[in-house]
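First the structure, in the form of structure tokens, and then the observations on it.
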Amino acid sequence: MASSYVVDKASTSSAEGPVPLTKGTTSAYALDEKRKAALAEIDSAKFSWFHVKVCMVAGVGFFTDAYDIFAINIASTMLGYVYGHGQKLSANQDLGVKVATPVGTLVGQLLFGWLADVVGRKRMYGIELILIIVATFGQAVSGQGHAVNIIGVLVVWRFVMGVGIGGDYPLSAVISSEFASTRIRGRMMTAVFANQGWGQFSAALVAFITVSAYKNSLLHDDPAVLAHVDYMWRILIGLGCVPGAIALYFRLTIPETPRFTMDVERNVKQATQDVENFLTTGSYYVDPDAVIERAQAPKASRRDFFAYFSKWENGKLLLGTAYSWFALDIAFYGLGLNNSIILQAFGFGSPDASLKGTEKVYTNLRNITIGNMVISVAGLIPGYWATFLLIDRWGRKPIQLMGFTMLTILFVIMGFAYDKLTATRAGTNAFTFLYCLTNFFQNFGPNTTTFVVPGETFPTRYRSTAHGISAASGKLGAIVAQVGFGKLVNIGGTNKFVKHLLEIFAFFMLTGIFSTMLIKETKNKSLEELSNENQDGFIAGPAIADDSRA
């Protein structure tokens, strides 16, 4: 893979002024036709090894993101045993370590989404991964002292990690979208995002292996100290930086997307060379001595942004993608970050009441890790790949509508029949099955499509920004869900409010059905068709000398 990219030592930037025009500069018509030909090449390209590399480089990031986000689901229980009063984190401590990452993610999605449209996808790609690696390592070596509480330290590090994770969403989405050919774009973007399922499963698997490896040491621990549980959560969290470190070089050396080079940097000549190079050889090179001839094309600005999105046909798409993601993440993170609590609430794998001391601690941790693996394998991972198989056949909108509809029905059943379902062993098994189904239809449904559609729908100069806004709306939903879950779950007694939370989730899934009506189907359409902009005469000619200072 290392030989596939040549490092861009002198990539062009729209901040550099255009070269003064001389006799013989390319005409507007010729530049426009050259742009159309380059885009047609990308859109009709056969699936190649280069496309696989893009999926792998982007996908490893999402694997890391999911591992780091959902490992806290198990690690919070371990932290409670070591640092909590009564061997349990307080409600506010549990909320802090879980909600810090979504808050950071929201900031990262808005910040990196905007920066990727301003300075380029390539220049920002990898920076977010550096943040994730540093913050993950920082968590693993965090300590406790008289002047500082370890939970507070973890909250800070998880916020920083969240900023990096947030940057991965718009960057990976638009890079995979802009390099993909039209007929495989949905599958490429889904393949990238599906690594989230493997990351979540791997977090549970690593936790299971770690708990099993420390079994004998844990059983001989002082029940009041549980020193070896402290080793467990640090190993679980710390290993999250390994896949990111492996992928970092490839992210830093990935090519700039030709669409950004053409439509934002307005360097049509370089973009056409890039298209020819990566489609034929998979390589990428920018000649630092080449004469740069900029083109006149629509430029991103605050005025242009508001003019574009003030049109209802464009504004409703952003509203649809943003609210759909918000509604989905209320349930997705409301459940995902609290799987361990919900598993305990309906008695799945709870330790036998006769167990005491360290044996009870070991059994509880082992059962939580197994429960999380079951949920991943039975629901999350199959859902992603069902979407992968059908997204370019059925389309994005039908899958999202079906997913929200099924989730509404499932949450209504689980919420309103909660007491009866959890009263007997057979009922608990049925509830477990329904719970796995909700995870399946989240991923064979809106969790995947809310990632894909914003990466396709908007023009190149605002694609990353709009994806960042949509994704940040989702993380706002995750924050609302986590704060609400943390504050409401124990109303009336420990975990007594879970059934009502499931009913609340059902309501938000219902609203997602209506917001889906605002989006449009993107299947088998080029990104330029989907931008709602006239592509004839998109390039108005070579740039005039003052254009760079406009």
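Cβ from N, Cα, C; glycine included.
Here TrEMBL flags 54-523 as domain 'Major facilitator superfamily (MFS) profile'.
Residues of the same chain lying 6 or more positions beyond the ends of the transmembrane segment (54-83) and with a Cβ under 8 Å from any Cβ of it are 1, 89, 93-94, 97-98, 101, 128-129, 132, 136, 144, 150-151, 154, 158, 161, 165, 168, 172, 175-176, 179-180, 188, 191-200, 202-204, 206-207, 226, 229-230, 232-233, 236-237, 240-241, 243-244, 246-247, 250-251, 254, 336-340, 361, 364-365, 368-369, 372. As annotated by TrEMBL, transmembrane segment applies to 54-83 (among others).
If you look up TrEMBL, you'll see 95-116 (among others) marked as transmembrane segment.
Long-range Cβ contacts of the transmembrane segment (123-141) within its own chain (Cβ-Cβ under 8 Å, at least 6 residues beyond either end) map to 11, 61, 64-65, 68, 108, 112, 115-116, 154, 157-158, 160-161, 163-168, 171, 175, 234-235, 237-238, 240-241, 244-245, 247-248, 251-252, 254. Residues annotated as transmembrane segment in TrEMBL: 123-141 (among others).
The transmembrane segment annotation in TrEMBL covers 147-171 (among others). The list of residues near the transmembrane segment (147-171) in space but at least 6 beyond its ends in sequence, with Cβ under 8 angstroms from a Cβ of it, reads 61-62, 65, 68-69, 72, 79, 83, 89, 93, 96-97, 100-113, 116, 121, 124-125, 127-132, 134-136, 138-139, 451, 455, 464-465, 467-468, 471-472, 475.
Per TrEMBL, the feature transmembrane segment maps to 192-211 (among others).
Sequence-distant contacts of the transmembrane segment (231-252), counting only residues of its own chain at least 6 positions beyond either end whose CB sits under 8 Å from a CB of the stretch, comprise 1-2, 5, 53, 56-57, 60-61, 63-64, 67-68, 71-72, 74-75, 78-79, 82, 125-126, 129-130, 132-133, 136-137, 139-141, 203, 206-207, 210-211, 214, 365. The feature transmembrane segment is assigned by TrEMBL to 231-252 (among others).
Through the fold, the transmembrane segment (368-391) approaches residues 70, 73-74, 77, 186-187, 190-191, 193-194, 196-198, 200-201, 203-205, 207-208, 211, 339-340, 343-344, 348-349, 399, 432, 435-445, 447-449, 452, 523 of its own chain, all at least 6 residues removed from its boundaries and within a Cβ separation under 8 Å. Residues or ranges marked as transmembrane segment by TrEMBL: 368-391 (among others).
TrEMBL lists 398-418 (among others) with the feature transmembrane segment. Sequence-distant contacts of the transmembrane segment (398-418) (same chain, six or more residues past either end, CB-CB distance under 8 Å): 324, 327-328, 331, 346, 387, 390-391, 431, 434-435, 437-438, 441-442, 444-450, 453, 498-503, 505-506, 509-510, 512-513, 516, 519.
Residues annotated as transmembrane segment in TrEMBL: 500-519 (among others). Sequence-remote contacts of a segment are chain residues at least 6 beyond its ends whose Cβ falls under 8 Å from one of its Cβ atoms, and for the transmembrane segment (500-519) they are 316-317, 319-321, 323-324, 327-328, 330-331, 334-335, 396-397, 400-401, 404-405, 407-408, 411-412, 414-416, 418, 446, 453, 457, 477, 484-485, 488-489.
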Averaged pLDDT score, the domain 'Major facilitator superfamily (MFS) profile' (54-523): 90
